[in-house]
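Copied over from TrEMBL, here are the features:
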BINDING   THR153, LYS154, ALA155, ASP156, GLY204, PRO205, SER206, GLY207, VAL208, GLY209, LYS210, SER211, THR212  GTP binding site
BINDING   CYS285, CYS290, HIS292, CYS298  Zn(2+) binding site
COMPBIAS  11-23  compositional bias 'Low complexity'
DOMAIN    104-262  domain 'CP-type G'
DOMAIN    114-260  domain 'EngC GTPase'
REGION    1-23  region 'Disordered'
REGION    328-354  region 'Disordered'
Amino acid sequence: MPGAGRSVASATTTTPDDPLADLGWGPDLDAALPIGLAPARVVRSDRGWVTALGRFGEVRLRFDPLHPLSPTPTTGDWVASAPGDDLVAAILPRRTALVRAGAHDEATPQVLAADVDLVGVCVPLSSPPRAGRIQRYVTLGWASGATPLLVLTKADGALGPQAASEVAAMAPGVEVVVVSARDGRGIDDLRARLRGGRTMVLVGPSGVGKSTLVNALVGRDAMATGAVRESDAKGRHTTSTRELVLVPGGGVLLDTPGLRALVPWDDGDGLARAFPDIAPLLGTCRFSDCQHRGQPGCALEAAVAAGQLASGRLEGWQRLHDDLSRIEAETETRLRTSRSRPGRSGRSGRGGRR
Ligand SMILES: Nc1nc2c(ncn2[C@@H]2O[C@H](COP(=O)(O)OP(=O)(O)OP(=O)(O)O)[C@@H](O)[C@H]2O)c(=O)[nH]1
Ligand SMILES: [Mg+2]
Ligand SMILES: [Zn+2]
């Protein structure tokens with residue numbers, strides 16, 4: 001195993017020149033580290049093996065996918081291993097986790113990234129923005145426990161930076177950075193946000209420029225990139241694995257494959273935070289079971305009628321709310337079924353969040 005079984009520094013406390021600090025290691029993680037184990041951060045995870053960055057560089061560690069080591073280590077996770085052993089002995093508790101509903105089975109959460117500080121929602125300024133899509137990614141971001149950031153890519157593109165305020169209005173309360181990997185604008189701003197070992201995951205559909213942005217930020221071709229299709233500007237799903245890249249000077253980027261469809265997994269306040277214009281109105285309708293679809297005394301529809309809420313915002317919220325309700329119902333059914341079967345335990349937690 002390359003790098004496996006290297007010696008472990010006896011003291012685990014971080015010093016200013018500790019290479020782990022650039023990766024986001026800090027006192028709270030240190031406090032959670034089991035005695036005698038060495039920490040490393042997962043770069044990628046693949047069928048029973050992780051590649052991780054530790055104090056002495058890259059290591060390969062194995063984990064048993066069938067072992068009740070829960071959850072399965074994923075990109076961004078901090079794992080710990082015993083000196084001389086190439087087995088993942090522990091996964092440190094996740095402070096944040098980016099979780100979607102499974103693409104094939106919605107009631108099964110899929111963790112896309114762990115322990116991120118920022119969720120860079122990439123929206124290209126080369127084609128008309130789609131509000132519904134942006135709302136989904138922003139909800140995913142807030143639901144993770146981290147902070148979403150709108151990253152408007154391809155500012156040199158057809159729409160130009162003047163479209164930034166139009167896109168920003170689709171995500172109220174979310175900070176915006178306008179970047180171009182081609183002419184370099186916004187790159188330093190983004191890099192500054194990663195200083196101090198902060199981690200940002202880049203998310204968005206294929207072709208929006210996530211990997212190109214990673215390369216611009218790290219100053220080398222760390223990730224492969226691919227041209228979008230000429231006919232419809234769609235990406236070609238160039239990136240196929242989730243990968244962690246260290247930014248020179250400190251900070252971490254997580255590149256992800258473009259998602260074809262996204263239903264965020266939200267068991268907290270993701271939806272409410274993505275819709276700060278709607279959340280305060282909930283519970284103020286005349287009927288407590290108001291469906292906000294033509295029921296008398298609906299506060300949401302009244303706000304739309306009064307011009308205080310754009311109808312598109314209500315429609316976007318409705319669609320996401322419907323998705324989340326459907327998944328919640330399905331999850332409840334599963335839980336009940338597995339509980340009623342003797343000898344089977346219920347689902348454990350929703351994606352191991354925070
Ligand atoms: N004009 C312009 N083109 C860009 C910019 N950033 C990326 N591109 C182009 O957009 C295309 C897609 O870029 P990628 O970085 O591969 O996109 P991605 O989001 O990683 O796509 P997937 O890996 O498929 O999810 C490439 O042809 C890039 O050259 C930019 O700032 N300006
Ligand atoms: Mg890519
Ligand atoms: Zn209502």
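Cβ atoms here come from the backbone N, Cα and C positions, even for glycine.
Automated prediction, rather than curation, is the source of TrEMBL annotations.
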Simplified DSSP label at ALA155 (GTP binding site) comes out coil
Return the count of C-beta atoms lying within 10 angstroms of the C-beta of ALA155 (GTP binding site), excluding that atom itself. 23
List the same-chain residues at least 6 positions away in sequence whose Cβ sits under 8 Å from the Cβ of GLY204 (GTP binding site), in sequence order, or say none. VAL121, CYS122, VAL123, TYR137, LYS210, GLY258, LEU259
I'd like the Cβ neighbour count for THR212 (GTP binding site), meaning other Cβ atoms within 10 Å of its Cβ, all protein chains included. 22
Give the mean pLDDT for the domain 'CP-type G' (104-262) on the 0 to 100 scale. 95
Considering only the binding-site residues CYS285, CYS290, HIS292, CYS298, which residue has the minimal Cα-Cα separation from VAL208 (GTP binding site)? HIS292
Residue among binding-site residues CYS285, CYS290, HIS292, CYS298 with Cα closest to the Cα of THR212 (GTP binding site): HIS292
Expected list for ligand 2 (Cβ under 6 angstroms, binding-site residues GLY204, VAL208, THR212) reads none
Is it possible to get the count of other C-beta atoms within 10 angstroms of the C-beta of CYS290 (Zn(2+) binding site)? 19
What's the CA to CA span in angstrom from CYS298 (Zn(2+) binding site) over to SER206 (GTP binding site)? 38
Cβ within 8 Å of the Zn(2+) site's Cβ centroid: which residues qualify beyond CYS285, CYS290, HIS292, CYS298? ARG286, PHE287, GLN291, ARG293, GLN295, GLY297, ALA299, LEU300, GLU301
Sparsest-packed among the binding-site residues, when each Cβ's other Cβ atoms within 10 Å are tallied, from LYS210, HIS292: HIS292
